[in-house]
Amino acid sequence: MAIINMSDLDLQGKRVLIREDLNVPVSNGVVTSDARLRASLPTIELALAKGAAVMVMSHLGRPTEGEYNSEFSMQPVVDYLAKALSCPVRLATDYLDGVEVAVGEVVVFENVRFNKGEKKNDEALSKKMAALCDVYVMDAFGTAHRAEASTNGVGLHAPIACAGPLLAQELEALGKALDNPARPLVAIVGGSKVSTKLTVLESLSGIVDQLVVGGGIANTFIAAAGHNVGKSLYEADLIDEAKRLVANAQSRGGDIPVPTDVVVAGEFSPTAAATLKAVNEVGDSDMIFDIGPDSAEALAKIIESAGTIVWNGPVGVFEFDQFGEGTKRIAQAIADSKAFSIAGGGDTLAAVDKYDIADKVSYISTGGGAFLEFLEGKELPAVAMLKQRGA
C-alpha cells in the first residue's frame, strides 16, 4: 500500500497541520540543542512555498497530561522558528475549537500533551484536531512508534493524511538498510543491557550477515562464552539467550564475535585508570568498560567488508576518553566505508558528534525508540495509519 507524500500534493490555499518532533531541550526559555528544529525546517518551508496556511504541533518534555505548565511551553520553539523562517510565526494556546491562520503564516500549537487524552489517542480529541485542517502531515519519525492523538488518531479523521519529507526520508533509508540491503549486512548493537535490546538482537540475527555486540550487552556474551566478567554489568539470567543467539548466527554461516581483549578498571569514574587485558585474564574485581585494540581492529575489518551498516549503540563507555578508543575505531571504520550506513539512537548520535563523522554516515536517524522498533521488525502505528489512508 502506498503512502501519500506531502511533496506530491497541491497545497495552495489549504490549511495544513504538520506533526513535527520539536521536543528539544530548553534552558531559561532558550532552546539549547536545535538539531530537531533544523531537521523540521525544510518541511515547514516546503508547505509555505506550496502556498499553504501552516499549523505545526509537537510535544515538549513530559508535563502532566491535561495541565498547562509554562516550563513545557512551546514558546521557546516559536521564538526559534520566528528567526529561522522568513514569515510570521505565533503561538496558539487555545486552538481545539478553531484557529485563524492565513496563507504564508505559521501557527505553532501549544504543547499537545497539555490536552487530556493525547497519550491515549482519544477519539474526540483526534477528531477536533482533524477538523482544523484540510491536510494532515505526519513528519515526526521520533514519535511514529506511539499511537497518540497527534501522531495517529488525527490522521485517521483528517480529510487527507500524508507523510512529510523527513518521515519519508527516514522510511526510505531504513527500508534501504533492512528490506533490500547491499550485502554483507553488518549490524552493530551496543548499549548496557541485553534485556532492552533482546527483540532487536533476535530480529536482526535473522537478517544480517554479521551481528556485532558492544557495551554492557557484550559482557553477557563474554560470560556466555565461559569467561569471567568480574564486577562488570551483565545479565546472568540471559546467558542461555546469548548462547542461543550465537548458535542461530552460526547456523546461518555468521557469528557474534566475542572480544579477545578488553579495557578494564576498578571503578566507574571519569578518572578511573584503564588497564588492557586479554578477555581470559579479567579478574574478579575488574569492570569491563571498552573493547581492546585487537578486538576493535577485528570489528573494523568486518565493517570494511560490509555492503550495508546499521549502527545502534557504542561499544564502550566512550563518554570517558580512556574507555572510548573502541567506539572511536568503529566510528572511523564506518566513516571510511563506502557502504550505505545508517546510525540511530541517542548514545550513537552522541558518538557520531564526538568523533565528528556526521557527514560520513549515509543517514542519521532522528528517532530513538522508533528506530529500535523498526529494527525489531514492528510496523510503526503512524506508518500503519498512513498506509491505511493512502489505500
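A Cβ is built for glycine as well, from the same backbone N, Cα and C atoms used for every other residue.
Taken from Swiss-Prot, the feature substrate binding site applies to Asp21, Leu22, Asn23, Arg36, His59, Leu60, Gly61, Arg62, Arg113, Arg146. The ATP binding site annotation in Swiss-Prot covers Lys197, Glu319, Gly345, Gly346, Asp347, Thr348.
When the binding-site residues Asp21, His59, Arg113 are ranked by how far their Cα is from the Cα of Gly345 (ATP binding site), Asp21 comes first. The Cβ of Arg113 (substrate binding site) lies under 8 Å from the Cβ of His59, Leu60, Gly61, Arg62, Pro63, Glu65, Phe72, Lys119, each on the same chain and at least six residues away in sequence. Each of the binding-site residues Asp21, Glu319, Asp347 was scored by the other Cβ atoms within 10 Å of its Cβ; the lowest score goes to Glu319. Of all the binding-site residues listed (Gly345, Gly346), Gly345 sits in the most crowded Cβ setting, with the most other Cβ atoms within 10 Å. Neighbour counts were taken as the number of other C-beta atoms within 10 angstroms of each residue's C-beta; across the binding-site residues Asn23, Thr348, the minimum falls on Asn23.
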